Amino acid sequence: MTRLSVNVNKIATLRNARGGNVPDVLRVALDCERFGAQGITVHPRPDERHIRRSDVYDLKKALTTEFNIEGNPDERFIRLIEEIRPEQVTMVPDAPDVLTSNAGWDVARNYDHLCRLVEQFHAWGIRTSIFIDTDLDNISWAAKTGTDRIELYTEPYAAAYHKDMAAAVQPYVKASAHAHSLGLGINAGHDLNLDNLRYFAERLPYLDEVSIGHALIADALYLGLEETIRQYRDQLAL
């Protein structure tokens, strides 16, 4: 069964908009676990516009499910990973000023850099994942780095879903089958929601994990957090 990791960045964004500690990121993350989330994801950025370094330390002390930290692996990020030692690190090539992650790695162009990162994170006992698009050659290059997993960037799927869902998912079906044949685990994330998640998961039998934040938190405004997580888990219970 595909695991659900809840990205709590949006909770931090809401807190930071007003100051103080409401909503409490740690409490929400622990409630997510209690309500059935199988992991917690954060994406700390240098300007701390949502998740702060202090949040990452607090979460590490308290979480009982898998902790996934994603981000651009600059020196500051690498030091944070060394100190926290999460279960998984997802390497994302986003610039500091982007609103949200909007592209995967060109692995061939960054091959040596990614190889060094994978080797270092493995030395610290951390599972690695490379954020990537569906290009098959790019996935082959990712496998050569020694990474454990890839995370498929799913915004193109979500954007095209209502136009032609079969065509939208097909590149991901091919990509996941290719990755699986190379021994890679497969994660996915970006704009997955209650509308498009089940169809996606049904067609990717090797899908290990999805990380979902924005849509899940938006749904929770109407449904409540516990019911929302239950519904997302239900979409993945294939």
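Note: Cβ is positioned from N, Cα and C throughout, glycine not excepted.
Record features, source Swiss-Prot:
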type	residues	note
BINDING	Asn7, Arg18, Asp191, Gly213, His214	3-amino-2-oxopropyl phosphate binding site
ACT_SITE	His43	active site, proton acceptor
BINDING	Arg45, His50, Thr100	1-deoxy-D-xylulose 5-phosphate binding site
ACT_SITE	Glu70	active site, proton acceptor
SITE	Glu151	site 'Transition state stabilizer'
ACT_SITE	His190	active site, proton donor
Least Cβ-crowded entry, counting other Cβ within 10 Å, from the recorded positions listed as Arg18, His43, Arg45, His50, His190: Arg18
For Glu70 (active site, proton acceptor), the three-state class that DSSP assigns: strand
Alpha-carbon spacing, Arg45 (1-deoxy-D-xylulose 5-phosphate binding site) to Arg18 (3-amino-2-oxopropyl phosphate binding site), which is rounded to whole Å: 19
Cβ neighbour count (within 10 Å, all chains shown) around Asp191 (3-amino-2-oxopropyl phosphate binding site): 17
Rounded Cα separation (Å) that holds between Arg18 (3-amino-2-oxopropyl phosphate binding site) and His50 (1-deoxy-D-xylulose 5-phosphate binding site): 12
Top Cα neighbour of His50 (1-deoxy-D-xylulose 5-phosphate binding site) in the set of recorded positions His43, Glu70, His190, Asp191, His214: His43
DSSP three-state assignment (helix, strand or coil) for His50 (1-deoxy-D-xylulose 5-phosphate binding site): coil
Number of Cβ atoms other than its own within 10 Å, given for Glu151 (site 'Transition state stabilizer'): 27
Chain-internal residues, separated by at least six, CB under 8 A from Asn7 (3-amino-2-oxopropyl phosphate binding site): Ile40, Thr41, Val42, His43, Gly189, Ser211, Ile212, Gly213, His214, Leu216
